[in-house]
């Protein structure tokens, strides 16, 4: 990228000078720049342009255009190939080029020109050289330094050499306080103007018809950084304004608002602050200094160049800034309190002050150990610096003294004030010492002031127009030496006219016979009583005029002496006024004294020697009153000067008439008035009658009275029409163009322009010279306080000038508003401007009932100029938006004064919006609230970017005493240290906005809350960065999960504290939980392992301590507490995350529920595994079961804490399932514990059985028998009760209530089952009973045992009394376990299956054998069903016949065959089938038949038929057939192969049945069957019972060889 510099110098045209008004356009690379227009055939522009060139194969196209009324015409064009342009750092004399008429095109690009014209243009084109300085130039600057050092020693400085130095034309010259912050690459813009445009491209005028400012305010594709002539400037994008007092000097300094044509000045008269500042011919002193630093002969690296032509400060590696070690550099100049040479500046138009201090790159400053090159100087460089500084200071002071003497010969580039000079070389602090960054609460954001409002709007041409200033100076003295406010009032007396007399004011007849009007006794003027207040001419002056005309010389002389005395008194009493006027206009004392004499004489001469020619053009009127019945009027105008009266033509039926009529008057009396009256012409009968009676027959529409003395030059003025009397109905305004040629003042500006000159110069003097840049803030109070602009003296000056020369108060206000616009950033100024604009708005917008002129029309009639004021407001609005976009910098929270200015600035914005809406009547101007909101957001965006990029340094400075060095100051995937710091800084920003700025910016409570906007913007930006960072972290996860959790908490706190309640985010599910979800799940995974490890440790500690109770009230041990303490702590972390996303929270709860399940089941498994070993101890098993119960209790609590019914269904189901599992484990532990008492309870029940067996007697119901039964029951229960008493008392003390009930239930079960098993129903498998019978039958040797058993069986069979005792004992045991409500519930005990089984068995004891057999047959319906592994099958046919008479039943059974018999034997296999009829009432009938045996046949055929006779007592459903296949054996019991059962109820319905019956290994029966079998087994004397027990107890015999 190359930098092309083009200087458009001048041109020579062939032709008449009058026909040329030319400007030049430059085009290169789609970028276009334009000069100002200059008249004449030899125009001189002398303007510089700079372009960034990326393609050298193109050319520069130069076009010269002549401005026309409708369109512009081309004079000629020049095309210069870029390859032909020289490279140089210095301007040359330029080259004359001939303009040609046509361009040559190739591939849509210009490649040349043709057809030469006689016109020529002088251009200087060059490419800037690279930053490295040639050795020749380095030697040149070294020589310069030696000269300066020599000058310092000789204490003199050559004025000739000084005069050769050109001023630095830079807008930065106004700035008196710059601050540089080393912000690195983040805030470095290529150009201050374009930077601001890029940042906020819509901060520009919303009014399309306003003239564009000289500086560009719009961006284009590929636009040059300099769309308009750009001065050489310091890299001010690296600067920051300092204090608010100083920063205001960076604002608008001057105006170009009065007349646009004054902007296009020649190089020698260019506005000091104009945008088209000319680049000086050669390098400025700043450039010299910078280049001096850059040169070095020993070849050290030139890391950075700080040239006056560079846009920024670029380091060697391409990054902007001061280097890595420097963080901040502030260079502050002296204030301008002692600018004594300012008057010199007023006279030297081309003089532009450079900044009084330099910001130098660190690398440019040689350290104390470094020295100059040997051939240059042998002394240390620091000494040279000291010489330099002393020399410059002395020269500057000398120049100030010369300037005070008024010698204009020397340039005034050196700034005023002590030590304000170029002390950048040696007086700079040591840059290696790091200065702290500003606090977050006072963040200074880099911004470049847009030049538009500083130059284009604020160029005060009146400060430079010496001719105008000289004239205004005289007029001001004239107005102040004999002010209107001090004029002698008329001495009116009631007067009677003897002849017809007319009013001097209204020219109406003084009606009446006597006392018709008023007459002044001094000057003799006569008028109506109502008109006396309208006469404001000075009585003394009028008397002098009248006397001189009538020859009363003595009287005239007396009056003149009186006026002289009045002026002397005025001069003596108010010397400060005239001193201020002299200082403002920088007039020497001698000239001032002479001028005072001249002015006094002109006042004394009065109007006697005064003469003027007045030309009045009545242009038009607006908003007139409707006087006719048609709702309109027929207006015409009369104009009267002195006694001469003229009228316009009549415009019929128009309330906005246009006349355009010109009248000429001669006036010889400066006290005369121009009376302009508007009339409605009437031609009806009423009008004709009035014409006979009155001089005024037409309707009065309004008037304006203009003092002739207020006229000057050429004026185009709107005047509001005034009433003549209170009864007048008047509205509207009239436009007059007045040209006045006063004798001796033929070529002067209008008084409005003169007033502007006075006001601006006064403002400049009081503010910039006397106030050192500060603006005086009036302290006036009251309705007219806004009309006070200066202190008492200056205010009197402008008021008297305005009063004498007819300047409207609204014009004064708008002029002062324009002046203040250049200082709008000074303390207190926004409030004054806001009040001023509010009153300007009120003046134009608040129409009265007497006028129907719209606000827009009234404003258009403003003498200030509609376009001018609109442009001023547009550019002010633009600058206010830019400043509000950096409100944290411009209005620090730590300054209450600046905060008040911030509030006033917003009020000013609101007033501008009101102006646009009500006065300009724009349809939809930008709402002030939205503008401020956008500005706040823009500032917050910049603030966030700054704190993000400087987070570590800011945090270290604000919150830590010592900075900790970081490997990576920004975000890192290796740690998370950056983010908490950033959150802290964000909070400080939000708090500052909330506490400091929200109360200030409170004008829009419904639309703008700065604290909330701050939180919203900060959160939005933070969320983007945080989300991206965590996505990167998720890939590697180099940090601990706890670190992520801690960050999650901080983010959550930030959101809940500041973001959650924001209106814009309400109702939305926050995103931040999703960023952390994977990290939280990772933490939960790790936490599960920690919890399991902790569980094992807790159990080990508990076991080591012997599972001691945690306290006397707590019945569980420490391990439960420890486990749930750890789980609760983990859950508390999850709960405190307060996850607002229900889906993510559900994921957390599911995962944590799994952790709870694993931990608790692990606990239960360990406890269950070791529990049997602890059952031998008394208390320990109870405590362990209590632990399990406490797990369940705590789990329920945790379930509720996790949400209860609101918990995620999957997590809730998981916890419910876990609760069931724990309940099952507790049941198992209770069962194990209950079973551990089995042996002891067995012993107790056996003792009970022995005692019960000794009970004798019958079971009758006599009282004695009942008492005996109760007593026996007590005796029987004593062994059991002794055991239970001791244990249950212990259990009640040690066990939790729930655990106690479970233990009681298990003991109850064990006791009931044991009593049933031991006392009531001994098991068949015991060595007693049936098994012994079967065994004895098989082995003859056991026959004696069988006999002994049978004897014992008689004793085991319970008698009715024993049953009664046992039944009563059961009731007692039941009451014992109920324990008066403290134990098991009665309903549970009653419905207990164990008790019911026992009682059922007891009830069966009293039933007969037939009844028991019948019950067995009916209840046991599945004895042979469900044979999974049949051992064969038998085919049988059954026929059932019932006798119709007797009801007896006959059953015929035919055994057909057997099939697939599974049997192994070593000997002979001889199977046969045994068929037995089972049922009641069979004792006297044949119950069993057998077939013949078949040898060695596994599928034998029998075909044998048997007949069973059944009684009629029972139906067939009470009987069943039992088929048994056996292997016949001689001399021993037959072996059982298989069994089958066929109930006759299945046959009864059909009457017959034929089927294959599968053979099972044994008979299946339920508890009822077993109980009946046990009871019948004890009836050893009953053959049927014995046979039934044997039959049902048979099972398949053991096979041989198996």
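Counting starts with 1 at the first residue shown.
A Cβ is built for glycine as well, from the same backbone N, Cα and C atoms used for every other residue.
Annotated range for region 'Disordered' in Swiss-Prot, selecting from 119-153, 154-188, 189-223, 224-258: 189-223. The stretch that Swiss-Prot tags with coiled coil, taken from the ranges 1188-1209, 1210-1231, 1232-1253, is 1210-1231.
Feature zinc finger, per Swiss-Prot, maps to range 489-539 of the set 489-539, 540-590, 591-641, 642-692.
In the domain 'C2 1' (1-97), the DSSP tally of helix, strand and coil residues is 6 helix, 56 strand, 35 coil. For the domain 'C2 3' (1430-1557), DSSP puts the residue distribution at 7 helix, 65 strand, 56 coil. Per-residue confidence over the domain 'C2 1' (1-97) averages 89 (mean pLDDT, predicted model). Recorded residues residue 16 (phosphoserine) and residue 682 (Ca(2+) 1 binding site) have their alpha carbons 55 Å apart, per Cα-Cα distance. A Cα-Cα distance of 9 Å separates residue 628 (Ca(2+) 1 binding site) from residue 699 (Ca(2+) 2 binding site).
Its own atom aside, the Cβ of residue 680 (Ca(2+) 1 binding site) has 20 Cβ atoms within 10 angstroms in the protein chains shown. Of the listed binding-site residues, namely 628, 634, the sparsest CB environment within 10 A is found at 628. When other Cβ atoms within 10 Å of the Cβ of residue 682 (Ca(2+) 1 binding site) are tallied across all protein chains shown, the result is 18. Here the Cα atom of residue 699 (Ca(2+) 2 binding site) is found 5 Å from that of residue 680 (Ca(2+) 1 binding site). Each residue in the domain 'C2 2' (595-719) gets a DSSP state, and the totals come to 23 helix, 56 strand, 46 coil. Of all Cβ atoms in the shown protein chains, 20 besides its own fall within 10 Å of the Cβ of residue 699 (Ca(2+) 2 binding site). The Cβ of residue 16 (phosphoserine) has 8 other Cβ atoms within 10 Å, all protein chains considered.
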